[in-house]
Structures are given as C-alpha cells and as structure tokens.
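A.B. asks: Feature list, courtesy of TrEMBL:
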- 90-95, 142-145, 177-186, ASP212: FMN binding site (BINDING)
- ARG302, THR538, SER598, ARG599, ASP641: NADP(+) binding site (BINDING)
- ARG458, TYR459, TYR460, SER461, THR476, ALA477, VAL478, TYR482, GLY492, VAL493, ALA494, THR495, TRP679: FAD binding site (BINDING)
- 84-228: domain 'Flavodoxin-like' (DOMAIN)
- 283-524: domain 'FAD-binding FR-type' (DOMAIN)
- 20-41: transmembrane segment (TRANSMEM)
Amino acid sequence: MDEAEASIGTQQIPEASEALFSTVDIILLTILIGGIAWWFLNKQKKKDVTTSTRSYSIQPTSMSLQTSSDNSFIKKLKTSGRSLVVFYGSQTGTGEEFAGRLAKEGVRYHLKGMVADPEECDMEELVNLKSIPTSLAVFCLATYGEGDPTDNAMEFYEWLQNGDADLSGLNYAVFGLGNKTYEHYNQVAIYVDKRLEELGATRVFDLGLGDDDANIEDDFITWKDKFWPAVCEHFGIESTGEDISIRQYRLQEYKDETPEKLYTGEMARLHSLKNQRPPFDAKNPFLSKIRVNRELHKGNERSCMHIEFDIEGSKMRYDAGDHLAVYPVNDSELVEKIGKHTGKDLETIFTLINTDEESSKKHPFPCPTTYRTALTHYLDITMNPRTHVLKELSEYCSDPAEKEKLRLMSSTSPEGKALYQQWIISNNRNIVHILEDMPSCKPSLDHLCELLPRLQPRYYSISSSPKLYPNTVHITAVVVEYDTPTGRHNKGVATTWLAVKKPVAGQELPTAPIFIRKSQFRLPTKPQTPIIMVGPGTGLAPFRGFIQERNQAKEDGQAVGETVLYFGCRKKTEDFIYEEELLNYEKSGLLTLHLAFSRDQAHKIYVSHLLEQNADEIWRIIVENNGHLYICGDAKSMAPDVRNIVMKVMQDKGQMNEQQASAYLKKMETQKRYSADVWS
C-alpha cells in the first residue's frame, strides 16, 4: 500500500464509525493484519529484488572477479606451496606481462610464484605475508594520466595512502612502468616503494623505473638481472641455474566436436555483444551504432575523422573531458599471414588452459575460440615483440643463423640490446615481419597465442558535451599510416578499422564495442571562472566539449568567464578542424581564438609562440582572475614547452624566482587549476 492509498484509508474510517461502530474493531483488525502481511511480503520481495540486482550487476565482469571468500592470496600461497606473489597495476597489459615473467622465473630461485591482481585480493593481508617462510611481494605498477594509479590498483593505492598497517616483516620490491615525457613520471611506483618502507616493510631491492618513451623492455631486463641476485643474497638462496622455458598453458583442440561455449570476440561474458545488458565497462563493452563518420581535413593526404557513437539506452553517462575506449579488431590480411607462416587452419577451435590450477586466470583470453578469432580480437599482432617472445621463437628456427640472431636479441648483452633496439624497435617489426624475415622460424600457433600480449582498447578524448549530446558521444581521431625503414606500410589498428565504418543510407549502421573511462580533466564548477585551453591538432578534442558546455551555459543566461583557445595545425586550408564551429563561437563573443598555422608562412609558427606573445593575458587570467589552464596533446615537446612558458610568465610578471614559480604551478595542479591530458 503506497502513501496515497494509506491516506484514503484513514479518511474513510471516521465515516464508517458513524454508521456502524460495532464493526470498527473488525475493520481495524482486518486492516492491521493486512498491513502486517503486506509489510512482510513486501520486505521479502525487496530482498529477492536486491539479491537479483546484485548478481545481475556483477555478471558482465564475473569472469575475473573473485568472491569475498576466495580473495585470500595468503591462503592460495600456502595451499600451493608458494612464497612469491607478484602484484600488477596495469592499464595496457604490460605491467601484467612483466609480473607474469617474474613469477615464472621464481622457480629458478626456489621461489614458486603467483601473479595477483590487487583489485581481486584483500590487500590488508599483506600484514600476514611474513607468516610464510622466505616470502616476497613484488609490485609491477604502471602510472598513467597525471600521476594516477591504474584502475585495478586504485583501491590498493588509496589503502596505502589512508591506512597505517604494520607491515614489518614484509619483504618487497617495486618496478614502475611510466613515461618520461609525462611530468609525473612513475609517481605511483615511487610512492608505493616509499610508503611500504614507511609502514615497516623491508625493501629487498631498489626501485626500478621503466620508461616507455625509450625502451621499457630494456629497463625491465636490466632491473630484473640485478633483482634476482639481490633476492638470493637477502634470503641466502642460490639459483638452480636452469633456464626456464615452461609453457604456462596447455592446448586442447576440438577436432570433431564443437564446444557448447564458443567465444567470437566477447571480452568476458559469452554472447555479451549479442545479449547486451548494463553496466557497460572494460569487460562488458557496449556495442554502439556509429551514426556519423565524416572527414575533417580538406584536400589533405592525411585523414582526420569525426565519429559519433550512439549510446541511447545504454545507461552510460559521460562528462566533457572523459575518454571513450574503443575495442578494435586486427587487419584480416595480417591474421591470414600468421596462419600461413604457422601452417595452421585458422578455423580450428581450441582452448588454452592454465597449468597453474591455483591461478584465477584460467585462460589468457576468452576460450574456447578459433585461432582466427584469437588473432583478430584478442591478441596484439602489430606491436614490437618483447625479448622473451624472441627467445621462445628462437627454438622454432631450423636455420642456425636465425636462431642465434633471435637468441642474441633476447639476451642482456650490450650487443644483444643494441641489435634488438635496431632490428625490432627502430625498424618497427611486428610478429608478421619477423616471420617474413626469418623464414625458417615456424612456431606453433598455440604457443604464439600464449606469448603475444592482449589486444587493448584504444582511448580517445571525448569531443562533445552531454549537455548538448546526451545520447551520442563524439571522438576526433587522425588515421595512423606510415612507412617503416624496411619499406613496409604500417597502419594504426583502431583508426584504420574505424575509417571504413561509415554509415550508408538504406543499410544497417556500422557498430563498435565501446565503454567510457572517467577522467579528472574537468571544467571549473563555476562557468564564470575564466579558462585558457591549449590544444593543437586533435588536442582540440576535449576543448570542443568544454566550449559547447560554456556556450550552453551562456545561452541559459549564466555568466560565463573568459574562454580562450590556443589552436594550431599545419595549414588553415587543409587541417583546421571544426573551423566553422570555432569561428561561430568567436563571432558570438563566447570564445577568444589564438590560431597558429605552422606551414602557412616561411617560418613555422606554433601555439607556443603565441603563448609567449600573450604573457599579459596569461597572467591576468591565471593569477589575477584565479583562472584554469588546460593542455591537451603531445606530451613530449608541446606540453613541456607550455609549462616552461607559463613558468616564465610567473617569474617575469610576478617577480618570482624559479622555485617560487614552480611552487605556484604545483599549487595550481593540486587545486585542479592546471590540468593536462597528454599522450606521447
């Protein structure tokens, strides 16, 4: 009975009492009993609904999530006779890969290892790891964004920040994965290493820092080769001297039968792309219809796409500044070449089963599936293979020279490192190129599927505002194509795949699996706060959403502060993206535009040059009016250049020394008044 019904009932009782007082008791008693019965029944229904909702909400990600009774890594270590646990914080899969390699190598040092996802573990159990003899916790932790932990390490990171657990007796080591072009280089690993020591843990070996802008594989191997001797010394153990090359997964192929479950490209739940149900995330992406895919460049050899994804009915929400993740598929031509070089029928159905029964990761990717599906949807076949892959490939070479070359590149010798840097990295060879250039190398396809890393989603800054487009989400992406030093033509996995997904009248709309990742890149809460945005090229993407939102506020009658955009491209007539939109915003009085077209004159002009000329504007908006500064685009040169210019403005206009100017910018970052969304 709802409130309206209850109100009607109480109004009717006095009328009944005047007519027949003798039946009042019966009526009241009936209502009371009925009410009690209704309350108990409704409570039970709510309980059932709650139970149903809970199981429903976790189902899309149930493949890897652990139940509360099954997240004790201490219990798993003890029952399987292990003493080494390697935790990973990974956004793109590299951290998880490094963790797996360390855990595997532990056998050589009498330390049987286990890989663990901190998101699936009760990390408070670290206080009890010392109860296991010769125990060691290693952390392979990536940093992304503005010094942020990866999604799966967020809770652990916050626990370390806010807790004061006694970790005395815990032996640990940390390897960080970062990129030196970012200001907060390896901040997560640096903090975790320091914090663990503060809480009483014992550092077994020095913090390792990997730089993905240079050669993170080389950094990891160099650190690892010093790490193991330090571990041996700390525990008083010796290496077995054995070279570990143990398969982690065993193969099962289906010859005459088709398994009941067969994955065809889903990330986790079987048939999730056909039977869509929220919530949508990395393991349960939304299959979105592409409503618009138009070219932004004019008469240019390069291509830049404006794509609009339909999210109506998905219950997904986004804010201007968030990122859209797209799951791409690999080029079918490359997939066919791998099938040809390995001599395998790509339609063969197979599964890879983890030989470690204690591992929560039963398969390297959704299985069973076909080799074609695995190579198309689940494996990264275009990246430069890491050294451990080359080492395994060398065993399949019948030509001694090719075998030795692969072995050398997988070694830690200076000659081997130099050859790997030149032959793999500089010449930009992927697995297909290696098999083409080493014809005697004939690896088994199932082993290759075990060795290659997972194909990761591609992230794009969202270039729209939900205030204008609540049911669509827009991205702006340049199609990646380039020639390698070996004369091959490489194409970007996602942008090449998206480029052909263009709506055609009278035909079904093309689709792509997507999800939204939240960002800290946000407009000020008050629209009257002035802002400066620096976004050359596709760095303009999030600012298009910002400008749309500020314009909407203005049209709604709100006071909107100065909105300044620094945009640059090569030529005004070729790659001035969203030109008409921006000029209209300028005409309306909302936007102040500073434009740099680098190749429209003899000497190149970039946004950094315009910033240097407008020191008064920067000082007025940022310091005098307490405004916000946003940077989006290239992390290697543009972002540092902008920061240095702002530093100089602080020094010149504010009579600050370098230390004071740096402190002022740090304070702006803390206040979220200085934000960067950059990539290398």
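Just so it is clear, glycine is given a Cβ too, placed from its N, Cα and C backbone atoms.
Just so you know, TrEMBL annotations never went through curation; they're auto-generated.
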A.B. asks: May I ask which residues of the same chain, at least 6 positions away in sequence, place their Cβ under 8 angstroms from the Cβ of GLY145 (FMN binding site)?
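C.D. replies: GLY145 (FMN binding site) has long-range Cβ partners SER519, GLN520, ASP677.
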A.B. asks: Counting other Cβ atoms within 10 Å of each residue's Cβ, which of the binding-site residues TYR182, TYR185, TYR460 comes out lowest?
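C.D. replies: Lowest Cβ count within 10 Å among the binding-site residues (TYR182, TYR185, TYR460) is TYR185.
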A.B. asks: Let me know how many other Cβ atoms fall within 10 Å of the Cβ of ARG302 (NADP(+) binding site).
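C.D. replies: Result for ARG302 (NADP(+) binding site): 12 neighbouring Cβ atoms inside 10 Å.
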A.B. asks: Using ARG458 (FAD binding site) as the reference point, find which of the binding-site residues ALA142, TYR185, ASP641 has the shortest Cα-to-Cα distance to it.
C.D. replies: ALA142
A.B. asks: Rounded to the nearest angstrom, how far is the Cα of TRP679 (FAD binding site) from the Cα of SER90 (FMN binding site)?
C.D. replies: 17
A.B. asks: Taking ALA142, VAL478, ALA494 as the binding-site residues to compare, which has the smallest set of other Cβ atoms within 10 Å?
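C.D. replies: It is VAL478 that, of the binding-site residues ALA142, VAL478, ALA494, has the fewest other Cβ atoms within 10 Å.
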A.B. asks: Among ARG458, TYR459, TYR460, SER461, THR476, ALA477, VAL478, TYR482, GLY492, VAL493, ALA494, THR495, TRP679, listed as contacts of FAD, what is the widest Cα spread in Å, to the nearest whole number?
C.D. replies: 23
A.B. asks: Taking only the Cα atoms, work out how far ALA142 (FMN binding site) lies from TRP679 (FAD binding site), in Å, as a whole number.
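C.D. replies: With the alpha carbons as reference points, the distance is 15 Å.
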A.B. asks: Work through the binding-site residues one by one (ASN179, TYR182, GLY492, TRP679) and name whichever has its CA nearest to the CA of ASP641 (NADP(+) binding site).
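C.D. replies: Comparing Cα positions, the candidate nearest ASP641 (NADP(+) binding site) turns out to be TYR182.
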A.B. asks: Of ASN179, TYR185, THR538, ARG599, which binding-site residues are close to THR476 (FAD binding site), meaning a Cα within 10 Å of its Cα?
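C.D. replies: Checking Cα-Cα distances against THR476 (FAD binding site), the binding-site residues within 10 Å turn out to be THR538.
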A.B. asks: In angstrom units, rounded to an integer, how far apart are the Cα atoms of GLY492 (FAD binding site) and TYR182 (FMN binding site)?
C.D. replies: 23
A.B. asks: Which residues, sitting 6 or more apart from ASN179 (FMN binding site) on the same chain, put a CB under 8 Å from its CB?
C.D. replies: TYR185, ASP211, ASP212, ASP213, ALA635, SER680
A.B. asks: Return the member of GLY93, TYR182, VAL478, ALA494 nearest to SER598 (NADP(+) binding site) in space, with distance defined Cα to Cα and candidates limited to these binding-site residues.
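C.D. replies: Minimum Cα distance from SER598 (NADP(+) binding site) across GLY93, TYR182, VAL478, ALA494 lands on VAL478.
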A.B. asks: Based on DSSP, tally up the residues of the domain 'Flavodoxin-like' (84-228) by helix, strand and coil.
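C.D. replies: Computed counts for the domain 'Flavodoxin-like' (84-228) are 65 helix, 35 strand, 45 coil.
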A.B. asks: Please report the Cα separation of THR538 (NADP(+) binding site) and ALA494 (FAD binding site) in Å, rounded to an integer.
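C.D. replies: About 16 Å separate the Cα atoms of these two residues.
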